[in-house]
């Protein structure tokens, strides 16, 4: 052993040569602290600190020929990739890798963050500058609330002990799609009862006018209703999982995705989701997105459909031949590449939104009058129950892919802290002028793809989200993307949400009881989706304003597919008895969550054992 090593690690008979002053009893401690600081600073200038041993070629190399039609019989000619290291929650992550993966997480979230503000702004006919602000506010709020969700802040409270806020794992927060269907019904009610104005055009047709006060009503009601999820977070985690099992949340998430495809995705693919979708013979919306817009055409024109198809196929091409880094950002590439190749050269875009957007912006540069809209209370309370059930499932999936326990006190604390932070995110996002935010699930796939579950990458993701939100011109550039390109991409995005619902249903044992419950809930949910106005006329008219508001809230719930599905399924799950040979936990899909940790460990053990085998045995 060298003399330097002996000095750094003294044996039991050899003491370090540190002079401790009789006037300073902490001299030895100060020496050790300064030595640790020097070691950390020195580590910053090493290759390991910046690059580590991560397989960067695997992350960045495109798949030139992804189809393996056969395998060589000779093991010597069979090339195998070196397994990438897994970076756990508390592992030391290389700096450059943390920055790169933080940007990847940001790009993976980007399309999901910008879509709801655009849809909501179109619902209330907000101007371009307000739309640009909402996109920026969505990015900034997501960065702030995601950092809180990851941090697991401990707050001491009287009679409750130390309360945890957040999951403490790499779980990000974004604008929820569950609010969009309900907000659509609320907007229709606000324009129908005269709260939001209808404007008469020069040709005599009526269209919706700008209604920022209507958007403020959605925000104010959402902020108040978010208290429900906060209160429910104090219940035991096991009770929460039993109240909202996968049997209920699966169909709900499925209907959220499918309804958004019809309400927004396909309409924008055809040219626009505004009044031009009805193809009026004359007026401002005879062409899409409106008369006088760049390259305006009737809704459903072959040019619009081809433009959307090109963006849709771009995602497919990236998924087949792209590198892992590109595949994780395929939705963003599907927006940017077609806009650069077709949108700008063929004059489908305009610089007006970019010029109108400020260079620098932040929260509250545009505000809305907050007010509670009575008929929206019951629907939004149901939305928050749905958000809580989604959060429980997403946190469980994040824990599983991060190789953390999915049962026991640590997991229960993570669930309760995540639900509490999710409820607070719904309240504070409304105060940030954005509709409720909840845990995003799509980033779980990125954790599994990159094998990095470290919070440091998540914090860099939050940094990039806030940075992109502050740079207002980015929001203006997003608004310049043609509707058809946005529709082609968001159709895939909303379908991915629906597939997530089907994935949740995989955890459910399809016995007679569960098939009956699914049939009950989906019959009303899918029927409502296919015939949206089926329950518009069954409630009686009344002059009582309070009763009229109550009737309207019932109508909003019944005409929102995922809400009626959740209510009917939840009631049926509570009242229907179990058969004698059915296991309650397996029936609701709860045992799968408890087994997931064991399955992850077993699979990892098998991979480790396989790496130690000779090549010829691996081929067998």
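Glycine is no exception: its Cβ is also placed from the backbone N, Cα and C atoms.
TrEMBL annotations: computationally assigned, not manually curated.
What TrEMBL lists as compositional bias 'Polar residues' is 10-22.
Here TrEMBL flags 594-620 as compositional bias 'Basic and acidic residues'.
The region 'Disordered' annotation in TrEMBL covers 1-32 (among others).
Among the features that TrEMBL reports, region 'Disordered' is placed at 587-620 (among others).
Marked as transmembrane segment by TrEMBL: 93-114 (among others).
Here TrEMBL flags 134-157 (among others) as transmembrane segment. Sequence-remote contacts of a segment are chain residues at least 6 beyond its ends whose Cβ falls under 8 Å from one of its Cβ atoms, and for the transmembrane segment (134-157) they are 109, 113-114, 116-118, 120-121, 126, 163-175, 361-363, 366, 414, 417-418, 421-422, 424-425, 428-429, 432-434, 437, 439, 455, 458-459, 461-466, 468-470, 472, 474-475, 478-479.
The transmembrane segment annotation in TrEMBL covers 169-192 (among others).
Packing against the transmembrane segment (212-232) from elsewhere in the chain are residues 120-121, 124, 126, 130, 179, 183, 186-187, 190-191, 195-196, 240, 368-373, 376-377, 380-381, 383-385, 387-388, 419-420, 422-424, 426-427, 429-431, 433-436: each is 6 or more residues past its ends and has a CB under 8 Å from a CB in it. If you look up TrEMBL, you'll see 212-232 (among others) marked as transmembrane segment.
Annotated transmembrane segment per TrEMBL: 244-262 (among others), in sequence order.
The feature transmembrane segment is assigned by TrEMBL to 304-322 (among others). Counting residues 6+ beyond its ends, the transmembrane segment (304-322) has Cβ neighbours under 8 Å at 62-64, 66, 268-271, 288, 297, 330-331, 333-335, 337-338, 341-343, 348, 482-485, 487-489, 491-492 in the same chain.
Annotation source TrEMBL lists transmembrane segment at 329-348 (among others).
Taken from TrEMBL, the feature transmembrane segment applies to 368-387 (among others).
Taken from TrEMBL, the feature transmembrane segment covers 457-479 (among others). Here the transmembrane segment (457-479) has long-range neighbours at 93, 97-99, 101-103, 105-106, 109-110, 113-114, 118, 128, 131-133, 135-144, 146-147, 150, 170-172, 335, 353-362, meaning same-chain residues at least 6 beyond its ends whose C-beta is under 8 angstroms from one of its own.
What TrEMBL records for 485-505 (among others) is transmembrane segment.
Among the features that TrEMBL reports, transmembrane segment is placed at 517-538 (among others).
Long-range contacts of the transmembrane segment (550-576) within its own chain (CB-CB distance under 8 A, at least 6 residues past either end) are made by residues 178, 181-182, 185-186, 189, 193, 244-245, 247-248, 251-253, 255-256, 258-259, 374-379, 382-383, 385-386, 513, 516-518, 520-522, 524-526, 528-529, 532-536, 539-540, 542, 588. Look at TrEMBL and you will find 550-576 (among others) tagged as transmembrane segment.
As a quick check, the transmembrane segment (368-387) and the transmembrane segment (169-192) clear the bar of 3 or more Cβ pairs under 8 A, pairs 6 or more apart, so the two touch. Long-range contacts of the transmembrane segment (517-538) within its own chain (CB-CB distance under 8 A, at least 6 residues past either end) are made by residues 247-248, 251, 255, 258-259, 262, 505, 510, 555, 558-562, 564-566, 568-569, 572-573, 576. Outside the transmembrane segment (485-505) by six or more residues, the chain places 111-112, 115, 118, 177, 246-247, 249-258, 260-261, 264-270, 273, 307-312, 315, 331, 334-335, 338-339, 343, 393, 441-442, 518, 589 with a CB less than 8 A from a CB of the stretch.
Panel annotation: around the transmembrane segment (244-262), residues 177-178, 180-181, 385-386, 388-390, 392-393, 490-491, 494-505, 507-508, 514, 517-518, 521-522, 525-526, 529, 561-562, 565-566, 569-570, 573, 587-590 of the same chain, lying at least six beyond its termini, place a Cβ under 8 Å from a Cβ of the stretch.
Counting residues 6+ beyond its ends, the transmembrane segment (329-348) has Cβ neighbours under 8 Å at 104, 107-108, 110-111, 294-295, 307, 310-312, 314-315, 318-319, 322, 478, 480-482, 484-486, 488-489, 492-493 in the same chain.
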